[in-house]
Amino acid sequence: MGQIFSRSASPIPRPPRGLAAHHWLNFLQAAYRLEPGPSSYDFHQLKKFLKIALETPVWICPINYSLLASLLPKGYPGRVNEILHILIQTQAQIPSRPAPPPPSSSTHDPPDSDPQIPPPYVEPTAPQVLPVMHPHGAPPNHRPWQMKDLQAIKQEVSQAAPGSPQFMQTIRLAVQQFDPTAKDLQDLLQYLCSSLVASLHHQQLDSLISEAETRGITGYNPLAGPLRVQANNPQQQGLRREYQQLWLAAFAALPGSAKDPSWASILQGLEEPYHAFVERLNIALDNGLPEGTPKDPILRSLAYSNANKECQKLLQARGHTNSPLGDMLRACQAWTPKDKTKVLVVQPKKPPPNQPCFRCGKAGHWSRDCTQPRPPPGPCPLCQDPTHWKRDCPRLKPTIPEPEPEEDALLLDLPADIPHPKNLHRGGGLTSPPTLQQVLPNQDPTSILPVIPLDPARRPVIKAQIDTQTSHPKTIEALLDTGADMTVLPIALFSSNTPLKNTSVLGAGGQTQDHFKLTSLPVLIRLPFRTTPIVLTSCLVDTKNNWAIIGRDALQQCQGVLYLPEAKRPPVILPIQAPAVLGLEHLPRPPEISQFPLNPERLQALQHLVRKALEAGHIEPYTGPGNNPVFPVKKANGTWRFIHDLRATNSLTIDLSSSSPGPPDLSSLPTTLAHLQTIDLKDAFFQIPLPKQFQPYFAFTVPQQCNYGPGTRYAWRVLPQGFKNSPTLFEMQLAHILQPIRQAFPQCTILQYMDDILLASPSHADLQLLSEATMASLISHGLPVSENKTQQTPGTIKFLGQIISPNHLTYDAVPKVPIRSRWALPELQALLGEIQWVSKGTPTLRQPLHSLYCALQRHTDPRDQIYLNPSQVQSLVQLRQALSQNCRSRLVQTLPLLGAIMLTLTGTTTVVFQSKQQWPLVWLHAPLPHTSQCPWGQLLASAVLLLDKYTLQSYGLLCQTIHHNISTQTFNQFIQTSDHPSVPILLHHSHRFKNLGAQTGELWNTFLKTTAPLAPVKALMPVFTLSPVIINTAPCLFSDGSTSQAAYILWDKHILSQRSFPLPPPHKSAQRAELLGLLHGLSSARSWRCLNIFLDSKYLYHYLRTLALGTFQGRSSQAPFQALLPRLLSRKVVYLHHVRSHTNLPDPISRLNALTDALLITPVLQLSPADLHSFTHCGQTALTLQGATTTEASNILRSCHACRKNNPQHQMPQGHIRRGLLPNHIWQGDITHFKYKNTLYRLHVWVDTFSGAISATQKRKETSSEAISSLLQAIAYLGKPSYINTDNGPAYISQDFLNMCTSLAIRHTTHVPYNPTSSGLVERSNGILKTLLYKYFTDKPDLPMDNALSIALWTINHLNVLTNCHKTRWQLHHSPRLQPIPETHSLSNKQTHWYYFKLPGLNSRQWKGPQEALQEAAGAALIPVSASSAQWIPWRLLKRAACPRPVGGPADPKEKDHQHHG
């Protein structure tokens, strides 16, 4: 009674089961017209009544709501009666459709309905749809959409097309319930409909709105904006409802098709450029859009909605979701798909937890990695068994188990007498399992035919035991044939007295009379899959013993079906196993390189080569992705070679590290292995299978001539040539094949490099066995051997470009060196490359090679002509003579290895040899390192390490003795005095060294095959001698340099010589300047044999120490100057000392070094006092310190226009403030405003109360964060204070500022703003700072604010002088602390003042004292308040007192009043 129910929470309540959706929507719309609105209880009663009404016959279409209301009982709960009343009124207002014409009258009775004749067509009645109506006077019920509302509406209309009655009824009901604005309706449209439907609806709505605005709408104001904008106002209820009716009416003009056309499903690919996607959309719209339909809005809508996610993010970020198409294209023109092919992210695996796994109960692994099945959460709901899941319940599985056939045999024990025998199919029916399932569906287990397995490789043959009862049982192989009516057995199974009858047999060869006989004796046949024998009452006998056939008469008793397994083609597995790692395991996107066109000749050759590769099984047809171009190349003999350009695939491939360091050194073959044989493999790379997943990276296309058709696609089945990992993979596979052979023949040696194999054996018999075993292993693995290229001793053995003789090696092709001075760059480069190939056997030093290498340098054009100088031409002569002696010995295992190292100015030459041999084993050359200095100790240690590495790798031995060309004295001196890292290496190998010294040429002339003696290398001799202690009788040389100048000082009890000079303009190097200063200093000290050199350059210090021990000059930009040092230091005794610069120590070394540094400083032009004031506007005292007199400083201040305008008195008034006892004791802070160029700056100022030093920063705000930032900058500038004192502004009393002060251990107090006693110092500092800023901006209006503030702080802190102490604020801020006040101190002769005082903060009216002031300052005095402490007392709490007259002393005539104020 009068109860008001709440609105339903769900936007569309569910209809009762059996009620059509459009009927339920009519009931809902009528319910929502109730005032107040319906409750959930009303809907519950409505559903309950409709369920009852659905069972009555009155439920027809259209519904008679009056008849339905008569079924409603009186007093039915809820408001169902009101809902039916609204429906009855609405139904009466809707005009009824015209009734169909009555059927034509007939005099005859209607005939009986014929079931063959269909009834006449009756047009279905369209469901009635109620219009959207708002009750008069109803309050606005607008509520924005929520996601659950949109989802519920979309679920209701998911099966309806836009504009259909069900769609419109649902939308009307939602609009009536939520009363949406224009923006809400637009959101609903985008959520429900596709971009095409939304675009078409938008066009229709625009046209309807234009018509409505033209004819006028109640409540529409043209001056307030368009209708769509005014409808967004929730208060405009009537105007909003007009917009809702127009929005719903726009659906009536939509096309009837609910499906979008084909061009609406065009989507942008993940890697498709955006402009290409828009171009496809544009073409599709031109071809498929109806005439008259505007294309631009649809194109813009689809260009955003159908783009991929990355382009949609770009468009959203730039606000171009519905912008002009040009803006959208420009926004996405720089977008490229992310390159995911080169990125390999490896995330470390987290350690497993210590807790046990909840599946198996064991620790040490994650539950996701557990192999045990997951336990069920509870008992099975079907059988209540907690050990299995519901999906595994036995009740859900079929009760008939299916027998599993065995692979080897099938043994069925079936009864001999079957009540219902089944006739087998005629015609030799062999049945496979799928056919069997189709023939025998749903049979019980006793009627399933036994499956007889057959071997497809041997035809349907089976072993059977035949017992003819006239002889012993015999086992034969019989052919199973369901096409034979009778069983045929050979006559050999029967005895001679077996009765046989003549018969005629019709078979494939025709009718025969005498080939087969008929026996009537019973025959027993036992089959392997049956325990009970088959009994035949008669059978055919083959008189020629050719056939044994078990026919249909025997198989009929078995009731079996022959099962021939599907012929699975065995996979083609090459003998060599496929490699496990290929280098493409991360599977990047395969390359797509287009095939370039070929001329007819090349195309024909390519097709022939592809045909041969296809026949050989190296390639196969392919239809997948990926492509790399191919082309043929003609060889010198006229044949063609197949080339596959795999550069794109190689760029994606990871290099596999090869286990082979390179080709073996054939000199390591011992002379005892005299019997040799070479094996050459044909098409070696084509024997390694290529896994299927890598075929896209090795695919290619053979084009059609003139592009008459699509090309033919192929892919490699084996590793192709041109793939960068093919040699490494083949080398590993071949090593795996040869490893068992190596183990079987330990006395022999097998050399393998790529596809070349060399067999070495001590005897001919062993070589034959080794050769046969190797050949058999290679052939068994599918590696073809080229017989015509096999070489064997006795005879010449050519292997890897070298000729192997019994005791020596020579190169197959030794280059010929023409002697001429003019060379083309490619010619000389090719010649040096060939010489480098044969350099291991060429008896020459590094010098002629280095001379020709230098000729190749400093050339940038490959077409250059090179002109050799006479020394380089002589190097060609030496090389041609050395190449004529090119030969190497083979290893003699009974002799030790020896080494010889020759250090020269051009590099290092190393020789490995054995005694009493005609030729060395190998020659090794190494250039100098690319450094400015190469100590010979470092070169010798590097050569020893290289020698040991090579001999161990090639011969498996170390050199017993190493000869070098360094004298014993030089070697010992280097070991004793040098701190180079090579010293431990030389000490470790010193027991193997043999110093040749001055007898260098004797051993090396034997190697070089010459009689000319070799000159000793002068660079190995020490240039000068280092003294371990300072030389007292020698002068001292100091030198230094900068990027622009160099200087030196020569001192011997006084300065003998000093000089500074600038560097040449092109060079601005500090190292060059330091070296130049040292050279000039050494030139001035040329006459002294001993010298003390002091350097603050570590570079020069280490360079001179290395030069003293012997070094080679390397490549350096300072090489011309470095070459002068040995001349100036030759035969001198030098003491070297490194000085640390800028130490300010009082010793003479630091003083003279600082004096040398001072020579490098360019004098700065001193500013005149007038210029300084015009720049900084400093005070009079600061000008006097800069050299001006008092009168000149006063005149400068009076003549300054900015000072007269902004500060006529030229000083600030004095204030009174409690000061700190020492720097950074107490600070005061404040924020003052400064307006300049319409910008209000907040100057955060901090002042030290002891020194008056100021720190200021300009900000735009007064927040706590700005205050904290300014305080931190002040601390970085002045130091950390103990106390800070500010006003009680919001920035200073904020919690953030207080927390920051607490974290820095700073005590914060507040004072009264603008109080001269408590805040006078910071206020006066604000005035000084702002006065200077006004002066600067008066002179320079365009001066930046930060620059002006920096100049002002420099002027206040560093230039202006305090009058009371005659120091600047910065000097006072960094002055030493006050001495502690002793308990007893002697009276000084200085005039002192005595004061009565009161302690601040106490209300006592009694004066204390008098006490003598320790220090006086502006505003306060330091008074000892106790025997151990003093305190600053302001003037207002002080009274001057007369000094007590000392005993016996005269009275001070000036002191007349003993009680007066200061």
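Using N, Cα and C of the backbone, Cβ positions are placed for all residues, glycine too.
Annotated N-myristoyl glycine per Swiss-Prot: Gly2, in sequence order. If you look up Swiss-Prot, you'll see Ser105 marked as phosphoserine. Taken from Swiss-Prot, the feature motif 'PPXY motif' covers 118-121, and the record attributes it to similarity to another entry. For 124-127, the entry in Swiss-Prot reads motif 'PTAP/PSAP motif', with the evidence type similarity to another entry. Sequence annotations record features per position, and here Swiss-Prot assigns zinc finger to 355-372, 378-395. The domain 'RNase H type-1' feature in Swiss-Prot is assigned to 1031-1165. Here Swiss-Prot flags 1219-1388 as domain 'Integrase catalytic', drawing on sequence analysis. The feature Mg(2+) 3 binding site is assigned by Swiss-Prot to Asp1230, Asp1287. The DNA-binding region annotation in Swiss-Prot covers 1393-1443 and rests on sequence analysis.
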Point to revise | Cβ atoms near Asp1230 (Mg(2+) 3 binding site) (within 10 Å, other residues, all chains) | key: 23
Review point. If you count Cβ atoms within 10 Å of the Cβ of Asp1287 (Mg(2+) 3 binding site), leaving out that atom itself, what do you get?
Key: 20
Review point. Would you list the DSSP helix, strand and coil counts for the residues of the domain 'RNase H type-1' (1031-1165)?
Key: 49 helix, 36 strand, 50 coil
Check your understanding: Per DSSP, what is the residue count of the zinc finger (378-395) in each of helix, strand and coil?
Key -> 5 helix, 0 strand, 13 coil
Check your understanding: So how many of the residues in the DNA-binding region (1393-1443) end up helix, strand or coil by DSSP?
Key -> 3 helix, 26 strand, 22 coil
Point to revise | Residues in the zinc finger (355-372) grouped by DSSP into helix, strand and remaining coil | key: 3 helix, 0 strand, 15 coil
